[in-house]
């Protein structure tokens, strides 16, 4: 078993009772993370730090509340010379011909000061080294002294920081298959709030598959010791209500308000303390200040938007760092509601729009699964085109001007309403669009009618040699 010195920052600023509570939660989370991945671990509180005994450090870079950690050698000592001898034995070879520096921290009463210890170790190693450098040495030697214990180490690894998961109240997070919302969820988890996840599927099973892949990464990496809930709502009929039947007038904003209402109902039922979203001010049309007011108006729970002031580049960098950046993009809802986006809505208009949507219908279509079940769900990806279908009818769902500029050879152009009206079961159909979400939605609806339908994207079809007609300025 190895010994790791684990440091935290904010926990140490709390009052005695709250600090003790958070330290217990942090220690439990560390032990449970190790247990979840098949290892045993022991934790001991030592003067505002934790000592962890385990076979490896896999969980320590991923447990919220850990500021940093170091693999260390722990020794008992009687006097200063005991420590100097041990450090000399450990670092004689490591500092040979190299510059080095020594840093000592003490807790307790001793016959020597921290500076005394640094000088003594420096004197013992100086003759075999290339000198002392206290700015950027080739080898750092750290000695933390607590009572009669000395912890010796030379490397410091970064943890995620924040507060221990479970030290704050439980939230429900609206997560998509995109970049932003998983990052928002992670940031609230970092602040100590366990987050259960709510997802609205518009093109099941394709967008559900993309969402589950990201949710699995988020959960397995950052909270495998917590078996929370995932709620998946089948919202395909929203597209019919809003786009085909045109029941609503401000689709890009009204859609988000409907999602807020669904999340609100789940928060009421499961006693969540707030709703987390991945909105960043002004990033897309539904995220202007006016539209966020309209979306949030009348929601009886706090809305947490940890990304509100971040640029897309900053969000993307965090997504890559925490491992939730999507490997493939199937598009998000905005591609279905982007025809005439409203950027300066009035909350009264959005409320009237929402009244035209049967919220109860979609609440009844919510499926709940546990985090531990995510990896067991097998999505049927047969909808995705992965074979040659020369006898199929190809349908282009992109905007008409894009179709007229270039399209798959022999493809017909249909809008969403026309495509959904297809009822000929004797033919095979391949639908394509720019991002894949609209085509996946149409294919899934037609499959339920017994029609052999597939989906793909224009870019994938374009890679086939001689498959694209370039028809700029005229119709085919």
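Cβ atoms here come from the backbone N, Cα and C positions, even for glycine.
Taken from Swiss-Prot, the feature active site, cysteine persulfide intermediate covers 433. Cβ contacts within 10 Å of residue 433 (active site, cysteine persulfide intermediate), excluding its own Cβ and spanning all protein chains shown: 26.
Sequence-distant neighbours of residue 256 (ATP binding site) (same chain, 6+ apart, CB under 8 A from its CB) are 286, 291, 295. According to Swiss-Prot, the feature ATP binding site maps to 174, 175, 256, 278, 287, an assignment based on sequence analysis.
If you look up Swiss-Prot, you'll see 334-433 marked as disulfide bond. A strand conformation is recorded for residue 433 (active site, cysteine persulfide intermediate) in the three-state DSSP classification.
For 54-156, the entry in Swiss-Prot reads domain 'THUMP'.
Per Swiss-Prot, the feature domain 'Rhodanese' maps to 388-470; the stated evidence is sequence analysis.
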Set of same-chain residues at least 6 away whose C-beta sits under 8 angstroms from residue 287 (ATP binding site): 279, 280, 281
All-chain count of other Cβ atoms within 10 Å of residue 278 (ATP binding site): 24
Greatest C-beta neighbour count within 10 angstroms, which of the binding-site residues 174, 175: 175
Closest of 174, 175, 278 to residue 433 (active site, cysteine persulfide intermediate), Cα positions, binding-site residues only: 175
